[in-house]
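Undergrad: Handing you a structure now.
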Amino acid sequence: MSTQNTNAQNLSFVLEGIHRVKFEDRPIPEINNPHDVLVNVRFTGICGSDVHYWEHGSIGQFIVKDPMVLGHESSGVVSKVGSAVTSLKVGDCVAMEPGIPCRRCEPCKAGKYNLCVKMAFAATPPYDGTLAKYYVLPEDFCYKLPESITLQEGAIMEPLSVAVHIVKQAGINPGQSVVVFGAGPVGLLCCAVAKAYGASKVIAVDIQKGRLDFAKKYAATATFEPAKAAALENAQRIITENDLGSGADVAIDASGAEPSVHTGIHVLRAGGTYVQGGMGRSEITFPIMAACTKELNVKGSFRYGSGDYKLAVSLVSAGKVNVKELITGVVKFEDAERAFEEVRAGKGIKTLIAGVDS
């Protein structure tokens, strides 16, 4: 990998190919829309999708054909504002929502801009990501952070917004029981948001004991490590061990693993709600008999939509969700590749990359 240029104007962390990255000085992006702002990126979290592009060069139909800046979980400081910007000023600390919709297509007009057919999402080919010194966004996709939220915490607003959207899809009500499959960052945040919504029982499920130990200390009321058994058997154990009666009210999969999907369907009571938030193989088997005979509400969840980022910031500022505990490492910008290696190795919960030193 090429070394960092300390005199660069807009140093960027660029993926050239599988396991091939470099530091590259790129032009400082221009503000071409009067409603846009230029943000000096200060912290960026590493997402599983970033690591997947680094390891494989593609995710499904999204293939890295040209050099691409990685990163999309970011926070920063407003460096410059367009002439029509009214809600932000230079020096404001912001959480950065990294997907810009067209605002004109049918999903956008229906209020579901996360499903925009022309979405320009950071670090999704062909669009560059936020692991650069500067990045331009519309002002309404930058969320001013209150003084109670640090810039490090601000970078976690992205995965927290994913969790917020999943929980909103689930329609969780106070007193309900929720089983969350996958105790990675998004799964852990789903546990926290579910509790904030009033869930009385939140059971985290994972195959890694270390993650379950963290989940229990963080937000889960109970944990479950699946045995090498049939999904129906594991589901019954979850129900019995947690006194869930005829089954859980809500099951959320944040893993994308086929056994978790099966167990999630079987762990639900009749009329329960299942939300698929994790992505795995494009096609898997599915227990349609259980889904039909229990008349389950089965939903997907993709990224985040209208109001999700704002709610994420509110949950943290109100003290209802703690994201600071998830940050287990911060590395300098010049050590970005090492951070990717650590995430691939499963070290820590959430690693942040600090912004380029001025």
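Glycine is no exception: its Cβ is also placed from the backbone N, Cα and C atoms.
Since the structure is predicted, the reported quantities are computational estimates derived from the model, not experimental observations.
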Undergrad: In Swiss-Prot, His72, Glu73 are given as binding Zn(2+), so which of Cys47, Cys93 is in that site too?
TA: Cys47
Undergrad: Residues other than Gly182, Ala183, Gly184, Pro185, Val186, Gly187 within 8 Å, Cβ to Cβ centroid, of the NAD(+) site?
TA: Val180, Leu188, Leu189, Cys190, Asp206, Arg211, Ala254, Ser255, Gly278
Undergrad: A 10 Å Cβ contact count, applied to the binding-site residues Pro185, Gly187: which residue has the minimum?
TA: Pro185
Undergrad: Could you list the residues of the same chain, at least six apart in sequence, whose Cβ is under 8 A from the Cβ of Gly182 (NAD(+) binding site)?
TA: Val205, Asp206, Asp253, Ala254, Ser255, Gly256, Ala257, Ser260, Gly278
Undergrad: Identify, in sequence order, the residues in the chain of Gly184 (NAD(+) binding site) that are 6 or more apart from it along the sequence and have a CB within less than 8 Å of its CB; answer 'none' if there are none.
TA: Gly48, Arg211, Ala254, Ser255, Ile349
Undergrad: Across all the protein chains here, work out how many other Cβ atoms are within 10 Å of the Cβ of Ala183 (NAD(+) binding site).
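TA: For Ala183 (NAD(+) binding site), the count of other Cβ atoms within 10 Å is 29.
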Undergrad: Quick one: what's DSSP say for Glu73 (Zn(2+) binding site), helix, strand or coil?
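TA: Assignment for Glu73 (Zn(2+) binding site) reads strand.
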Undergrad: May I ask for the distance between Gly187 (NAD(+) binding site) and Cys47 (Zn(2+) binding site), taken between their Cα atoms and rounded to an integer number of Å?
TA: 13
